[in-house]
Amino acid sequence: MNHTSDTALLIVNLGTPEAPTAAAVRRYLGEFLSDRRVVSIPPLFWKPLLHMVILPIRGPRSASKYAKVWLQEGSPLSVYTRRIAEGLTQHLPDWRVAWAMRYGAPALTKALDALQAQQVRRIVILPLYPQYSTTTTASVQDVVEAWCKRTPQVQVECIQDYAEDPAWVAAVAASIRRHWQAHGRSEKLMFSFHGLPQRVANNGDPYPQRCQVSASLIAAALNLNESEWVLGYQSRFGAERWLQPYAEPTLWALAESGIRRFDLVCPGFSVDCLETLEEVALGFSETLAARGATMRYIPCLNDDPAHVQALAGLAQRALP
């Protein structure tokens, strides 16, 4: 990497606890669930509920789930995000490359400050959310915009999303093909995306349309017809209605209709994390097995070279 470069790429992921412990999970969830982009309930009502009820309950529960998927190097989300950044330095030798988290460490603002201290004058921000949402990408943009107001001398370009980027679509399709070549092909492929409340979509969030675009393009790259794949939304939280169809009940219904073998991929996640490894790969598989069906999870792109190359291309095209 050219350490005299005045151009940088900062990739940003959601975040993760620093350890699979109740205390670390409470700290992380406390920050995450305090973001008004994520939870829009008035703080007067939400903060007491969050700190007196939700965090004391979810902290220990989530910690036990994180422990199931924790790697020797740390949280999967953190490990794979760091590896992507390391891979990007090979594709962008004249750039500085850094990584940050929206919640937790390494903190986004601190990463921006560090780049400025290195005399960087142009920064491309790449949120690792393929499909734009006001609950994810826009939250990153909020922090970046606030930082830019006090650092006007740095030119910042923020990539909105890459839901239909040809190189990214090709990378996802190729990973599915490799899985089929190694394990055979199932009867049905599910594209499972993280859900969000239906009211958010009703207020104009384009996320469900972006998910549909991604799934359709990947299916087309695989030459699948409409009967061979299905889209679902996972990770519902709370009692209100979220985007439908819900992924797990959809799989159950398909199993009850006679389908016995499923493949599942999560194209809304750039790297594997709690939701993909514990909720989906372990959880969905167990509940389907109880219904006489099997599900094979296809990992996220993680630090796949084709993924890294696609992200490098996005960064290069982002600058005027």
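Residue 1 is the first one shown; counting continues down the chain.
Each Cβ is built from the backbone N, Cα and C atoms, and glycine gets one as well.
Database features (Swiss-Prot):
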type	residues	note
BINDING	HIS194, GLU275	Fe cation binding site
Which three-state DSSP class does HIS194 (Fe cation binding site) fall into?
-> strand
Measure from the Cβ of HIS194 (Fe cation binding site) and count the other Cβ atoms within 10 Å, all protein chains considered.
-> 26
What is the total of other Cβ atoms whose distance to the Cβ of GLU275 (Fe cation binding site) is within 10 Å?
-> 21
